[in-house]
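Peer 1: Please read through the structure below; I'll follow up with questions.
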Amino acid sequence: MTHTLRVVFAGTPEFAAAALAAIHEAGFPVPLVLTQPDRPAGRGMKLQASAVKRYAVEHGMPVAQPPSLRRAGKYPAEAADAIELLRSTPHDVMVVAAYGLLLPQEVLDIPRDGCINIHASLLPRWRGAAPIHRAIEAGDAETGVTLMQMDIGLDTGAMIEEARIAIAPDETTATLHDRLAAEGARLIVDALVQLERDGVLPATPQPADGVTYAEKIGKHEAALDWRKPADVLARQVRAFDPFPGGVATLDGAAIKLWAAEPVAARGEAAPGTIVEAAPEGVVVACGSGALRVTQLQKPGGKRLPAREFLAGSPLAAGQRFALTDVA
C-alpha cells in the first residue's frame, strides 16, 4: 500500500532502524533521514555507519548526518545547514527514535504535524538514555514502548500510545531490546496510518507521579560489588548484556560475567569468595545469597559456558574476587 504522509526520520541505532524499516515497508515516503555521524568502532576503530544510515543507503533514502541541530551549540554552521535542509525538504511529520541529538524548539516546529518520538519505556518511568537497561536492573516486572508528541523537555511530551511487555526472568537488555524494537515499529506504523486518516493524533499529558530517569550506562558500572544481594547482581549481569557486561576481578584479571542466577548461600564465606567451581556454574558468595555464574569471558577471549571456561581457565573454591571500592 502506498501512503501520502511524508515522514522525515531521525534515529541512529538498531532500535531506530527497525522503525525506519517498518515505515518504509508500509509504503510511507521518507524524503530525508537524519542520523548521527559515522563513528570509530571495533578493534580497528574504523569509521562505521549507524544502523539507520545503512538501511537508508541500501534503500535509496537521502541521508544527512549533522553533528548538532543547535545553532548555539558547538557546530553552529552545520546545525544551520541541517535546519535549512529540513525546511527545504517537503514533509508532514518527523519520527524520532534513539537519535542521540537534542532537537531545539526551532526544529520541533518545522513539521506540520510535529515530531513523534518512540521511547523504550512506559513513560514517565525511565525517561532518558538507557531505559531498557535500567528497567531490568531495577527488577521491573514490565516495561514497554511509548509514542509521544515531542516537546523541548527530556522525554516529557504528551503520550500518544503505549504497548506493555512483561520482562521475563532471564531477560537481558539484548533480548528485551529486540522485542521493544518490534513493538515500537508496529506502534509507529499504526500511528502514522491514523495520522494520515484523521489528520490528528490525540495525546495525553504524562502524569506528574512516577517519574524516574534512566542515566546513560557507564563502563565503570560494570564492576560487580559482591557485598550486594545475589538477586541484585543477577539483574545487573542481565541488564549489562551486551554492554558493558558484568566484571569480576581475580588476581588483577577482569573476567566478564554474562549469565548468572541467584542461589541459596553456601556456608559463611565472605562476599566475592568462590564456594563452588563446577561445570554447571561458578558459585560466588554475595552480601546475601550466592550467585551461580554460567557464562564467563576471560580477557581477550570469547563468551563461554562455565564448563568450557573452567577447562581452559581453572577456578577453585576459596579463591576470592576483588571487592570494588565503595564510593
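Backbone N, Cα and C define each Cβ position, glycine as well.
According to Swiss-Prot, the record shows the following:
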type: BINDING; residues: S121, L122, L123, P124; note: (6S)-5,6,7,8-tetrahydrofolate binding site
Peer 1: What does DSSP call L122 ((6S)-5,6,7,8-tetrahydrofolate binding site) in the simple three-state scheme?
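Peer 2: For L122 ((6S)-5,6,7,8-tetrahydrofolate binding site) - judged by DSSP and reduced to three states - the answer is coil.
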Peer 1: Other than S121, L122, L123, P124, which residues of the same chain sit close to (6S)-5,6,7,8-tetrahydrofolate? List them in sequence order, counting a residue when its Cβ is within 8 Å of the Cβ centroid of the site.
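Peer 2: Everything else in range on the chain: H119, R125, W126, R127, P131, G144, T146, D155, E162, Q206, G210.
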Peer 1: Please work out which residue of L122, L123 has the most C-beta neighbours within 10 angstroms of its C-beta, and give that one of the binding-site residues.
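Peer 2: Counting Cβ neighbours within 10 Å, the top one is L123.
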